[in-house]
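Asker: Per Swiss-Prot, the feature region 'Disordered' maps to 1-29, 228-254, 627-652. What Swiss-Prot lists as domain 'TTL' is 222-580. The annotation ATP binding site is assigned in Swiss-Prot to Lys354, Arg360, Gly361, Gln392, Lys393, Tyr394, Ile395, Lys405, Phe406, Asp407, Cys449, Asn450, Glu540. The feature protein binding site is assigned by Swiss-Prot to Arg360, with similarity to another entry given as support. Marked as Mg(2+) 1 binding site by Swiss-Prot: Asp527, Glu540. Marked as Mg(2+) 2 binding site by Swiss-Prot on the basis of similarity to another entry: Glu540, Asn542.
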Amino acid sequence: MEPERKGLSLASSSDGDGREENKLKQGISQDLASSSRLDRYKIARQLTEKAIKEKKIFSIYGHYPVVRAALRRKGWVEKKFHFLPKVIPDVEDEGARVNDDTCAKVKENQEMALEKTDNIHDVMSRLVKNEMPYLLWTIKRDIIDYHSLTYDQMLNHYAKTASFTTKIGLCVNMRSLPWYVPANPDSFFPRCYSLCTESEQQEFLEDFRRTMASSILKWVVSHQSCSRSSRSKPRDQREEAGSSDLSSRQDAENAEAKLRGLPGQLVDIACKVCQAYLGQLEHEDIDTSADAVEDLTEAEWEDLTQQYYSLVHGDAFISNSRNYFSQCQALLNRITSVNPQTDIDGLRNIWIIKPAAKSRGRDIVCMDRVEEILELAAADHPLSRDNKWVVQKYIETPLLICDTKFDIRQWFLVTDWNPLTIWFYKESYLRFSTQRFSLDKLDSAIHLCNNAVQKYLKNDVGRSPLLPAHNMWTSTRFQEYLQRQGRGAVWGSVIYPSMKKAIAHAMKVAQDHVEPRKNSFELYGADFVLGRDFRPWLIEINSSPTMHPSTPVTAQLCAQVQEDTIKVAVDRSCDIGNFELLWRQPVVEPPPFSGSDLCVAGVSVRRARRQVLPVCNLKASASLLDAQPLKARGPSAMPDPAQGPPSPALQRDLGLKEEKGLPLALLAPLRGAAESGGAAQPTRTKAAGKVELPACPCRHVDSQAPNTGVPVAQPAKSWDPNQLNAHPLEPVLRGLKTAEGALRPPPGGKGEGTVCSRLPHHGHHVAACQTTGTTWDGGPGVCFLRQLLASELPMGPGLPRDPRAPPCLVCRGLLPPAGPCKRCRSFCAAVLQGASFVRLGGRSCSPRTP
């Protein structure tokens, strides 16, 4: 028993030593890990501070690993919004428990996730989480609020680029090309129409019918050319053919005998349509009336269309077509000289129908029957049909490589729109179809070369083995192919410069529609299809072209073009990679600002204002200054209560007409006790040593405001004309420079104004001033404070008298030769007449009292 216990004790001691050693090793490793983390954190902090100082902070939305790696190599720090991986949420259902093992596993997964993300770039990203990114690289522009960006922030997109990045926008913009550059869009862009409006549908229908007529002429020429070429073979070659050619000829003759023969009238109608088309191009239809034009009816067009379908699909033939060969050949030569798209039209009249604003080959179909195309456009709901379908002429004679259709993806970069700056990429790649080319089938697998469509299809068994299995070539590989075919110079002389010219033309037209934001750039991808003559035809322009490395070709070129884009748009150094400057618009210098020449410097002259005391005191409202001349005279005047009712002469004076040209008008109906049937009794109140009467209500001529009181000074019953003093007029005129209708406060007045006006009448200027003083209350009638004229007021002895003297201002009675009005004696004013100033009421300019 003892040895066993001893062995157990030794074993336990050895196990304890091993545990201590393991703990020691774990502690050392943890210290090393903590020290390495600390050093890594210091380095990350230093690099982050440098990046913040140099404004090298970027954010990426989308799958752009090449851009991220390239920017990090250049010292940029990425600001991530969600950089931690998702972990299992700690959620417990009601009544359920999570055991310790599950909690331990969740904690371990969280620690492993933190360790995986604990690299230097993630540390730097956490340090700049509160900083503003100065470069935003997104897959779509709508993700970023375009107008909230600062001037220092760069974005890889422009706003309002739908004018050339959508099919409908490019279709409409290309029609305006002749207004910007001397070029014909039909020479590089297949004609295109929108099926959303009736006018566009009618234009498409006319184009389809013209193309149908020219296709009939092509059929006649091609059919006779084939028969002549077969007959022009040497005799020995025909003999070598033997019975095989004889049997094939007999089969063709038997097949032709079974076909439906079409009359030669079909060719005559086609020639007539083509001649009318040429006449329109040469403007021969201007001098021809609309009635003289013999156009086909809809029934005739329908019959011609059905015969054309039978002809091009091999169900019919024209028996005596050889008789029309020379005529058709001459017309085709004329059409080719004016229509550069005659070669790509072919015989089948195939059109490609595309959605107006979709990409990657979605919902694209090819059709060769006009009724089916119009039915497709009419099938949609009218409210959702706006700008949905675009129909474009399909290139029926493309350049083929090993009987397979292909297109070219070409990149270009725009770094500024004002002035327009375009960079063209030297490298491009070709995309092949998986099927052999044929016009007998209108399947999208044959006629669409988009990788988004072809990647789901298998290559045709009968396709040439020279073509790559991944269906892509680089432009360098294509140039080698052309060199082997003996056409090596075509790339540099025709294809490459024509693509550059097409891109430049498209951007010049779209320049006015794009929002030209500084510190922005965008990479675009243009698709071209080559014709048999190696001329490139622009199909569409794509924004945000795919950079996915789907094939070895795209893995190489897409990474290369992204790095070169950063060199041109971000670094702006001398190294621009494979980009070359395609077009830089000349900078238009703004005109020099000449606003300083219009400035006037100096100090205005200040003139001393003389304070002129008012002559008479009449309380009035400021609104009376804007009154217009009266159109109707009041029924009664203001009588003196102490003298009784007005005399008959006063009643006669009320009928006098009002003179014109007086700028002041005061009309106020007097509502007194006499209006209600009683006699008007003046109410006298003593306040501050003055006698005040109830105010006379006055009303503005054109306003509907309630009546306001107008205090009028009450003159004394006796007036001594000898007390009038005459003064020279010149010193007074220098002081009376108040604008007509101006309001200035009287000296010593509080809150009440003085109304001053100069009233022109018969060469005189009268200044009337109204201040606070006494108020009065008149009897029934209207108080007319209409006109203030020199001839209406009492004059001093020896002063001349105007023979055309108007009546009194108050009672409208005629004034005496000198002195105040004898009827009412209720007005006192300053009179300016001739060269003298007559002051009434004594030196204090106040009304006299008895």
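Glycine is treated like the rest: Cβ placed from N, Cα and C.
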Asker: To the nearest whole angstrom, state the Cα distance for the pair Glu540 (ATP binding site) and Asp527 (Mg(2+) 1 binding site).
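Answerer: Cα-Cα, rounded: 6 Å.
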Asker: Taking each of Lys354, Ile395, Phe406, Cys449, Asp527 in turn, which of these binding-site residues have a Cα lying within 10 angstroms of the Cα of Asn542 (Mg(2+) 2 binding site)?
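Answerer: Near Asn542 (Mg(2+) 2 binding site), where near means Cα within 10 Å, the binding-site residues are Asp527.
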Asker: By a simple count, how many Cβ atoms lie within 10 Å of the Cβ of Phe406 (ATP binding site), its own Cβ left out?
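Answerer: Phe406 (ATP binding site) is surrounded by 23 other Cβ atoms within 10 Å.
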Asker: Sort Lys393 (ATP binding site) into helix, strand or coil using the DSSP assignment.
Answerer: strand
Asker: Mean pLDDT, the domain 'TTL' (222-580)?
Answerer: 85
Asker: Is Asn542 (Mg(2+) 2 binding site) helix, strand or coil when read with DSSP?
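Answerer: The three-state answer is strand.
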Asker: Looking at Cβ-Cβ distances, which residues of the chain lie under 8 angstroms from Lys393 (ATP binding site) while being 6 or more apart from it?
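Answerer: Result: Pro190, Arg191, Cys192, Asp207, Thr211, Gln341, Ile344, Asp345, Trp351, Ile352.
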Asker: Write out the long-range same-chain contacts of Lys354 (ATP binding site), meaning residues 6 or more apart in sequence whose Cβ is under 8 Å from its Cβ.
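Answerer: Once residues fewer than 6 apart are set aside, Lys354 (ATP binding site) is near Lys167, Asp363, Ile364, Trp389, Val390, Val391, Gln392.
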